[in-house]
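Going by TrEMBL, these are the annotated features:
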type	residues	note
TRANSMEM	12-30	transmembrane segment
TRANSMEM	36-56	transmembrane segment
TRANSMEM	63-81	transmembrane segment
TRANSMEM	110-128	transmembrane segment
TRANSMEM	140-158	transmembrane segment
DOMAIN	224-513	domain 'Sulfatase N-terminal'
BINDING	GLU231, THR273, ASP449, HIS450	Mn(2+) binding site
ACT_SITE	THR273	active site
BINDING	HIS389	substrate binding site
Amino acid sequence: MENKQQWPVTYLLYGAVVFLLKLLFVNMQLFDAISFGGLLSDLGILIILLVLGWILHVPLKGYYIGLSALMSFIWLATLMYNDYYGSIVTTDALNQAGQLGEVQSSVFALFHWSYLLLIADLIIVAFIRWKRPNSGWSARWLAAVICAVLVVPVVWNINHHQGILNERAQAEQMGVLSYQLQHMFVDEAELEELPAETAKAELQSLRAPASQPLQYNGAAQDSDVIVIQVEAMQRFPVGLSLEGVELTPNLNALMQDSLFFNRIYQQIGKGNTSDAEFMMNTSIYPTGHTPMAEYVGGSKVPSLPHLLKEHGYESVTFHTNDVSFWSRDKMYPALGFDRYYDKSYFGTEDKIAFSASDEVLFDKSFEVLKELADKDQKFYANIITMSSHHPFEIPADKPQLQLPASIKDTSVGKYLNAMHYADYAIGKFIQELKDAGMWENTTLLIYGDHYGLQLPQPADQAAIEEVLGRPYDDKLDAFNIPFILHAPGVKPAVMDIVGGQVDFMPTLINLLGLTEQANPMFGEDLLNHENNLIGNRFYAPSGTFMNNEVLYVPGADFASGSAKRVADQSPVDPAPYQTDYEKVLKLMELSDRYIYTVVKESN
């Protein structure tokens, strides 16, 4: 087909209609409802870009193909980022593009073929001929007027929605493209500094006092400390049996002699696993916009390793991937670890996912810890597992879980099998500690770093409902991670207090008898508080919080948000919880200001 019009009308109409259809498609994938204000704002930006081809007097077909290809790439990246992270991509995320090579199998496993519709117009335009438009000054002035007229409502729309804290609601109301451009060109306001002593005073005014006297204070004093952070482990597989077969027999046995915290929830930001490590070692919230490993690089951060060093501990951390992954080579010195062991130590023997298997991880980590124990050197060890990473491909020569046929070949089946293998490797490690006589003097913490289960297909959704016996909640189930604490002198119990990853360090240092010596901590000691309040952002909108009763997720403001009971996931009126909403925003603001001050003073 051929179009010989010399005016740009056909070009503009074709471009506007196609871009409108693409915007509708993208918005339908991202949001439950479409904001026509946001949609029109984004369309206005795209029409301005189309008109630029007229002003620049370039071949329209080539210009359109280039513009459409660029926008299709941005939208595809936005959709796939949302599928993997559950949030809207901004230019901040480009700083983490170098990590894609490590997780590309996980990202591309979520690709939907319908996304190819974003490039369908490039095939059609190949059969259209557009001649160069009128290049006279009157035509260019008309084009400039069109741009000026469109800029005004676009800028107004962006400014009008700047105050929305919920990033997803802001992107919906502002328009996805408008939201991304705003992040590109508008700098965040500089934070006010918050010194440590001021932070402690502010935190004290926000919190209920701990129980007195402190339970278990110093119960594990001078014990060796081992923390195992399990890749992608959620709460629901732990203790689960299918057709009479236990998924996690070793963790089940451990829980009989430990504290098991039943309602712990992930709080990670853009740094994913490395953010979980950061929180474990600092009790500071991730900022949400930057992986904390990058944020604190080159600084000296008040942390668990720094605190334990003052009491004669040596701190070591183990991870089978390259230490540069997620900038751990910057984070570990900032946190005060004496040594780290990465791929250069573990090699690629028995490879699963990106690196050596969890069995190799634990075997070689044990060798280091045994050497320290033989020298009567107290140690703190951070062990980060990897084999259970998405897409959960466990080799056939490893222990395999016998699953019902309806589940086996789904994403759920693969996930459960990966958790079964993680449990197997942990069980072997615990037995090594016992055989070496190290168990009785060991305080052990085991927790999941973040959610792992993805449900891209209807068969996966049916499988998880079969496993749980109810629908799967995309926050209460997805964010729920296990936390097991075994320590000398601690009696086994199931703890139902709500908590998060910022609470691990305060809980641990109470057992070690070091609470009074710690720097500001933004979590709570879970052994000495009856009620708790935790915040979440990045994987959930800013202002999301949980207390012992509800999960609250904000909308464009508090009133448009929603709340569910933690106990049974039933909806409730959020109005009685507005004070907690304001308190958690204050808590995260204090955390942001404190770590900003630490980094600024260190550099």
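For all residues, glycine too, the Cβ spot is worked out from N, Cα and C.
Heads up, TrEMBL stuff is auto-annotated, nobody curated it.
Sequence features, as recorded in TrEMBL, placed on the structure.
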residue : record                 : Cβ within 10 Å
GLU231  : Mn(2+) binding site    : 24
THR273  : Mn(2+) binding site    : 24
HIS389  : substrate binding site : 22
ASP449  : Mn(2+) binding site    : 25
HIS450  : Mn(2+) binding site    : 21
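Sequence-distant contacts of the transmembrane segment (63-81) (same chain, six or more residues past either end, CB-CB distance under 8 Å): 11, 14-15, 18-19, 22, 26, 29-30, 46, 49-50, 53, 56, 87-89, 93, 107-108, 110-112, 115, 118-119, 121-122, 125, 130, 176-177, 180. Reported as a whole number, the C-alpha separation between THR273 (Mn(2+) binding site) and the residue listed as 'substrate binding site' equals 11 Å. If you count C-beta pairs under 8 angstroms between the transmembrane segment (110-128) and each of 12-30, 36-56, 140-158, the highest count goes to 12-30. It is 6 Å from the Cα atom of GLU231 (Mn(2+) binding site) to that of HIS389 (substrate binding site). THR273 (Mn(2+) binding site) falls within a helix when secondary structure is assigned with DSSP. Counting only the Cα atoms, the space from HIS450 (Mn(2+) binding site) to HIS389 (substrate binding site) is about 11 angstrom.
The list of residues near the transmembrane segment (12-30) in space but at least 6 beyond its ends in sequence, with Cβ under 8 angstroms from a Cβ of it, reads 38-39, 42-43, 46-47, 50-51, 54, 64, 67-68, 71-72, 75, 78-79, 82, 88, 117-118, 121, 125, 128, 171-172, 176. For ASP449 (Mn(2+) binding site) paired with HIS389 (substrate binding site), the C-alpha to C-alpha distance reads 11 Å. Report note: the Mn(2+) site is defined by GLU231, THR273, ASP449, HIS450, and the residues of the same chain whose CB lies within 8 Å of the CB centroid of those residues, excluding them, are GLN229, VAL230, ALA232, MET233, ILE268, ASN272, ALA276, ILE384, GLY448, GLY452.
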